[in-house]
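A.B. asks: Copying in the features that TrEMBL gives for the protein in this structure:
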{"type": "TRANSMEM", "residues": "B:21-39", "note": "transmembrane segment"}
{"type": "TRANSMEM", "residues": "B:51-71", "note": "transmembrane segment"}
{"type": "TRANSMEM", "residues": "B:109-129", "note": "transmembrane segment"}
{"type": "TRANSMEM", "residues": "B:135-155", "note": "transmembrane segment"}
{"type": "TRANSMEM", "residues": "B:162-183", "note": "transmembrane segment"}
{"type": "TRANSMEM", "residues": "B:189-208", "note": "transmembrane segment"}
{"type": "TRANSMEM", "residues": "B:220-240", "note": "transmembrane segment"}
{"type": "TRANSMEM", "residues": "B:252-273", "note": "transmembrane segment"}
{"type": "TRANSMEM", "residues": "B:285-304", "note": "transmembrane segment"}
{"type": "TRANSMEM", "residues": "B:335-354", "note": "transmembrane segment"}
{"type": "TRANSMEM", "residues": "B:366-395", "note": "transmembrane segment"}
{"type": "TRANSMEM", "residues": "B:420-435", "note": "transmembrane segment"}
Amino acid sequence: MDVFVQQLINGLTLGAIYGLIAIGYTMVFGIIGMVNFAHGDVFMVSTFIALIGFLILTTWLGVASVAVALLIVLIITMPLTALWGWAIERVAYRPLRGSFRLAPLISAIGVSIFLSNFVQVAQGARNKPTPPMLNGGFTLFERDGYAVTLSYKQCLIMIVTVLLLAGFWYLVQRTAFGRAQRACEQDRRMAALLGIDVDRTISLTFVLGAALAAVAGVLYLLYYGVVSFSDGFVPGVKAFTAAVLGGIGSLPGAVLGGLIIGLIETFWSAYFSIEYKDVAAFSILAIVLIFMPSGILGRAEVEKV
Amino acid sequence: MADAMREGTARGAGLAEILRDAGLYALVTLGLCIPIVSYRTDLSQTSALDLTPRWGVVAGLCGAIFALRLVQRMVLLRRDARRALTPAPRQATEAVDATPNAGQRISGLALPLFLGAALALPLVAALASGGLGPARYWIDLGILILTYVMLGWGLNIVVGLAGLLDLGYVAFYAVGAYTYALLATTFGLSFWLCLPLAGLAAALWGMLLGFPVLRLRGDYLAIVTLAFGEIIRLVLINWVDLTGGSAGISSIPRATFFGIPFTAGPNGFAATFGLSFDAMHRNVFLYYLILALALITNGVTLRLRRLPIGRAWEALREDEIACRSLGINTTTTKLTAFALGAMFGGFAGSFFAVRQGFISPESFNFLESAIILAIVVLGGMGSQVGVAVAAIAMVGGPELLRNLGFLKAVFGEGFDPNEYRLLLFGLAMVAMMVWRPRGLISVRMPSVALTQRRGVSGALVREGHG
């Protein structure tokens, strides 16, 4: 029971990070129907931006409070990562509208390879550790010497995720941009006829997705304390699994899928084998895509001829 | 990059506008470089991270992007001006009378040319560098390139002909390699017996993995094959009892000349044929072995394209729904493509194992799949010659760049082009999709023609319309 509650907390934390990345996948798929394979690497780029930003703040500018430093890092990482998202869409995806079916996916794989090797060349191939931040936590209850704790990091991750999702939900449901975004998702041509700037909406979708991935990146850096140029691939695939599991194209689905994937991963590691945790994630991806491609909250797709 | 921002500004753009546009590009580059390029992090002695500012590199990058964009806009401006003077030809007449351009003309001559060069390479290398020993570098490079050519041709069946994007192709390469390694180390079977077995095992896995993904559409299929590829790699890492885990399998028996080993002893290859012993005989033999395997792959593919199954593949690539409504069994069509592609991957895998003498799961990661896919994509998805050219350019190119002295003079002593190889791979994939989605040498010969065979320029062929 104690182990179960502890794993539940760990799983929800991990799931929150996956959920934030998954939103980027699901929004892009919803609006232009492509799997943005490079999204995991955009996330990886954001962890590096956060790492360097944090180092500059703490060592050069002498910001003593970790909380203040993290807040500033969050604020600068979001626009810088969003710029990457915008530039990638502009350069690699927009010229491909109307090209053949698999062109955007191949282009996205190219961007993904480019990004991870760009960071490798610019920052070196070794793992980059940060000094541990925000140590300690609340002890929820203690039994037989096993303490179930909720660390400050986990608290912060959950609070930031909930706040951001609330803001994001408001943006999509209540603002003009959100309306335009949802309209484009339903029918891009009709939306264009009604005077919506489709290209701009798509650009903004990429910007938003990248900004949310940046938040996930900052939280990931905080949680694990180490980043590497190859860190984009596996979290990216897991977040994509989350998006598909929740029903690709559905925003609540992405968050739900993220939480489920996070829980499955931690419980699998705790109760079965930690070596096979990535096998579990990839297997879920394959099983979901094969047997329920519309996911939990998604709608089935009908191909018209 | 060009097409994206050109809309609306193409006509009547003045110099000031072009400068502003190039400046915008440089500004975006500056934003992207902060702080990834501008500060390098390095582990210091105390295992903390040190920051080194590198604003010079950032300035160089921004300047380069500015200059590139400027040149590109100038060229486009002149081209548009020239186009404005000549009346636009009608697309239909252009399509029928498409005269082959330089690239397409070359592709006709390319096959015998490549074949001759490939056959002569060990001889030429030995003559040029004075003996087999010094030629080792060139022969090994040739083996490496040919391995990728073979893998590219194998994947080409799946991606180029059948239009199924397979991101886990390296799994079959791994199956082939491990099949040979395990059979040879456990049961002591010879390479020549294991080669067909490895191909068979890989084909079986191809069917096994292909079966569940039959119903999926393009990009989902790609992701599932990626997942399968990763699962196989992770199982290879974790199933330590069978595969040796990340340590891999070492001391795999080396290739023999149909039973005669390449050793210095009295029963060795050199003694049997009355030659003086040279360790390079094995490498030369391996070179011709992979060349033969690659040519078999090519030959089978070319033959199959003329058979009903090959035409079914191409029909499937163009339009699956139309294909099915014509009564083609898409299940068997997809499965044969998967199985055949996997089989050639398996052959290449067992060749890899016999050449290296050591295999570990690290050789079979997703990046390897991506490289093979990049070769197929750059080769024009479906063009055999294109795949070979792409493999030579992408695998051999960086190797050759490494030996160019002046690059070191420009970029400093520590410059290693291999570091930038994958960076360029990624960029090239994007650039191909944006500018030449049908490949560098893109001519599509219809497999079936009524009266006269005419090449159709790739630029005029779109998915579902050609």
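Cβ coordinates are placed from backbone N, Cα and C, and glycine is handled just like the others.
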A.B. asks: Near the transmembrane segment (B:21-39), which residues from the same chain, at least 6 beyond its ends, have a CB less than 8 A from one of its CBs?
C.D. replies: 1, 5, 9, 51-55, 57-58, 61-63, 65-67, 69-70, 73
A.B. asks: Counting only residues 6+ away from its ends, which parts of the chain sit with a Cβ under 8 Å from the transmembrane segment (B:335-354)?
C.D. replies: 147, 150-151, 153-158, 161-162, 164, 166, 169-170, 172-181, 184, 191, 194-195, 198-207, 209-211, 214, 252-255, 286, 289-290, 293, 297, 300, 304, 309, 313, 316, 363
A.B. asks: Give residue numbers and ranges for long-range contacts of the transmembrane segment (B:252-273): same chain, 6 or more residues beyond its ends, CB-CB under 8 A.
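C.D. replies: Long-range Cβ neighbours of the transmembrane segment (B:252-273): 180-181, 184-185, 188, 190-192, 279, 281-282, 285-286, 289, 353-359.
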